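Colleague: Structure provided below as structure tokens; questions to follow.
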Amino acid sequence: MAASTNRLRFLYSSARTVPQTGSITPISRRTYATTEPSPSATGAPATARKRTNFTDKLNAGPSFADFVSGGEDNTPLEPSEAYALKTAMVGPAGRKKEMTRLPSWLKTPIPDSKNYQRLKKDLRGLNLHTVCEEARCPNISDCWGGSDKSAATATIMLMGDTCTRGCRFCSVKTNRRPPPLDPHEPENTAEAISRWSLGYVVLTSVDRDDLADGGARHFAETVIKIKQKKPSMLVECLTGDYLGDLEMVKLVARSGLDVYAHNVETVEALTPFVRDRRATFQQSLRVLEAAKQARPDLITKTSLMLGFGETEEQLWDALRQLRSVGVDVVTFGQYMRPTKRHMPVHEYVTPDQFELWRQRALDMGFLYCASGPLVRSSYKAGEAFIENVLKKRRAAGTAGESVTDSKAAVDEATR
């Protein structure tokens, strides 16, 4: 035991007497990698190493002092710089071409929240479709990603996921002969909506020109089922033009809904190039006018996409015509190309321009206008305002027909 102790003492004393060489430095304290200059071994005052290239700057990174003091890297951008579009060369060697990158104000997070997954599961379980998914809406993570279902907004797409028309901006599937209607869809839709404890819901549909009534009776039946399950529910219907059959428009308008929406999509001059040839700007105006005539208290709504190459005068003309048929609400959003098969984007409109057109629409007498790069016709920002207007009207006793009266109107129209 004594021998072992003496041996340990010898090794310890030997280690302490190892001569220091130029390649070995005694460690007096624990060190960490920082962005601050470290003191030299000789004790001479340290100087910050000059950043010579991008790699040095990236490796060093900003210190806390850099953030506090601001500096040239934190100087706010001018609007012209912030809204400047950037380009990139893409493609294989020898065949590269210049493409405009998506502006920063159009980028949205990938949907992955628990509420998004739960909402999606409910829809799949009842064999329902949403325009949020079919049209690849950029707001899906925002509208579906609320902390609870009451904060979520989903636009239910009726009559299947296949359209009989082929608009050049739309990513929904097309076919001349889509599958037949699901007779259980109105009941399933009402059931799904009743589960979510929503106060406001949007119903839309594909165009079904293969049906004699364009699906108007199916639409009306869905509204009636929803109102029967929850009379307090506010319902917005975004419909097609029913090939100009105004009786079908009036049928849906009298079904008990609260907001009748039909989108003109673009200005009149560009309509033949943007929409299916069976749709015209004047026909859409007649649809909106017929809905208002069927129920004067009904809020009517439409939407336009910007970025197709429209001019200011064309937009002014579109707004004047919409006001002339009593449209109450208009929305503006940026056209975003779904695939290479669709129309290219002519222009990315800046947020400042969207705000300008919002003010112009309000000055013209529209009840409400939602305008922004990511705004879509059923975006929840507009619905919150419309919901408050409808509740005030209902409290004042001017909300329109009851569910019973609406059912009678539908029965009469469908004889």
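Each position is counted from 1, following the chain as shown.
Even glycines carry a Cβ here, placed using N, Cα and C.
Since we're looking at a predicted model, the values are computed, not measured.
What Swiss-Prot records for this protein is below:
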TRANSIT   1-32  transit peptide
COMPBIAS  20-32  compositional bias 'Polar residues'
REGION    20-53  region 'Disordered'
COMPBIAS  33-47  compositional bias 'Low complexity'
BINDING   C132, C137, C143, S378  [4Fe-4S] cluster 1 binding site
DOMAIN    146-367  domain 'Radical SAM core'
BINDING   C163, C167, C170  [4Fe-4S] cluster 2 binding site
REGION    395-415  region 'Disordered'
Colleague: Any idea which of the binding-site residues C163, C167 has the thinnest Cβ neighbourhood at 10 Å?
Modeller: C167
Colleague: Going by DSSP, is C170 ([4Fe-4S] cluster 2 binding site) part of a helix, a strand, or coil?
Modeller: coil
Colleague: Excluding C163, C167, C170, please set out which residues of the same chain place their CB within 8 Å of the center of the CB atoms of the [4Fe-4S] cluster 2 site, keeping sequence order.
Modeller: R165, G166, F169, S171, V172, T174, V206, D207, D276
